Amino acid sequence: MAKLGALILLGASLAFLGQTFVAIRERFITSREVEPVEPQNCHLIEKLENGSEDIDILPTGLAFISSGLKYPGLPNFAPDEPGKIFLMNLNEQSSKAQALKISDRFDKELFNPHGISTFIDKDGTVYLYVVNHPHMESTVEIFKFEEHQRSLIHLKTVKHELLKSVNDIVVVGPEQFYATRDHYLDNFFLSLLEMILDLRWTYVVFYSPREVKVVAKGFNSANGITASLDQKYIYVADIAAKNIHIMEKHENWNLTQLKVIQLDTFMDNLNVDPSTGDILGGCHPNAMKLLNYNPKDPPGSEVLRIQNVLSDKPTVSTIYANNGSVLQGTSVAAVYHGKILIGTVFHKALYCVL
Ligand SMILES: *[C@@H]1O[C@H](CO)[C@@H](O)[C@H](O)[C@H]1NC(C)=O
Ligand SMILES: *[C@@H]1O[C@H](CO)[C@@H](O)[C@H](O)[C@H]1NC(C)=O
Ligand SMILES: *[C@@H]1O[C@H](CO)[C@@H](O)[C@H](O)[C@H]1NC(C)=O
């Protein structure tokens with residue numbers, strides 16, 4: 001009997017491994033050829049060579065760019081350099097990126113910026129919220145932006161037990177934001193397995209100083225998050241499930257799911273086109289090449305635009321695609337007055353006229 005039990009267990013384990021292997025193949029290895037799509041006037045941005053993971057553009061045309069992310073399993077070309085926030089003024093003809101100064105009482109050496117989101121209060125003061133991973137933990141740093149000094153004044157560090165493994169945030173009010181948790185297990189290999197096995201343990205958290213709660217669950221790997229122009233909807237990219245969730249936001253900050261738009265690529269960070277409300281997503285067409293980096297066969301880049309998001313038939317189109325010869329591992333895109341900034345997890349950044 002014991003032998004039979006062992007045999008059944010072995011059979012079950014092999015079946016499980018077989019299934020896992022099929023799941024891995026389907027999700028990560030099957031890679032698509034990337035057909036190039038390039039707007040006419042594009043150039044790489046000087047000084048942004050080692051990552052531009054997230055980008056947020058103010059209505060005035062000032063763009064914030066987070067650079068230098070160190071994240072388990074992903075490449076980083078300058079591992080000894082602390083992360084930085086860059087600023088670009090998209091109204092200028094030859095727009096240059098410049099690293100912002102950060103006020104003293106903040107540990108700049110440990111700065112490891114990930115998702116960012118801006119907030120403008122009633123008086124017009126601009127705040128930048130940054131997901132930070134000092135020692136691979138997760139905090140949300142709140143900075144006040146001083147335009148004349150080109151600096152960020154650190155105001156506050158937000159930490160909470162529900163804010164673990166935070167990937168991205170979207171600020172919806174003073175000290176009020178939604179955050180995505182991209183994996184549940186702390187160990188990198190276990191978190192990868194969590195993704196591959198499609199465990200759907202990750203979630204979206206609402207944070208305010210008075211209340212912190214989980215407002216949406218069941219994501220395989222909740223990643224980019226942003227709000228619609230009218231702030232009535234929240235969009236969440238589930239990167240490993242290759243889809244984007246359209247959520248309705250309620251008075252008590254709860255979210256309910258309206259629909260899921262299925263894609264054929266790993267969508268990372270999201271922004272909304274301020275003139276149309278379309279969603280722009282930076283995407284990874286070949287996830288395996290990103291996780292297993294080889295400069296001779298690099299991961300490609302893709303930017304998708306989703307039009308008529310709330311209609312019955314949203315349309316998805318590719319506005320930028322490259323096989324990695326120009327841009328590797330695109331994580332974000334943002335537009336302003338016919339110009340687009342395209343950022344990457346660890347590589348360069350591109351500026352194009354659409
Ligand atoms: C990016 O990293 C490489 C390798 O560490 C370094 O040589 C280069 O100067 C960095 N580029 C910038 C713009 O910081
Ligand atoms: C909304 O969130 C609260 C917790 O803040 C919870 O008690 C309630 O059941 C939720 N409502 C809905 C409709 O999901
Ligand atoms: C990428 O595309 C360029 C042309 O757009 C081509 O020259 C190059 O060989 C391609 N690289 C790979 C790795 O496929």
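Backbone N, Cα and C atoms are what each Cβ position is placed from, and that goes for glycine too.
Residues E53, I116, N167, D168, D268, N269 are recorded by TrEMBL as Ca(2+) 1 binders, and the candidate that the same record lists for that site, out of N220, N223, N322, N323, is N223. Looking at C42, C283, the record from TrEMBL puts C352 in a disulfide bond with C42.
Annotation for the recorded positions C42, I116, C352: lowest Cβ count within 10 Å of the residue's own Cβ, C42. Cα separation, I116 (Ca(2+) 1 binding site) to N323 (N-linked glycosylation site), rounded: 27 Å.
Ranked by CA distance from C42 (disulfide bond), the binding-site residues E53, N167, D168 have E53 at the top as the closest.
Proximity of the recorded positions (E53, H114, D168, N269, N323, C352) to ligand 3: a Cβ under 6 Å from the molecule is found for N323. Summary: among the binding-site residues (N167, N269), the fewest other C-beta atoms within 10 A of the C-beta are counted at N167.
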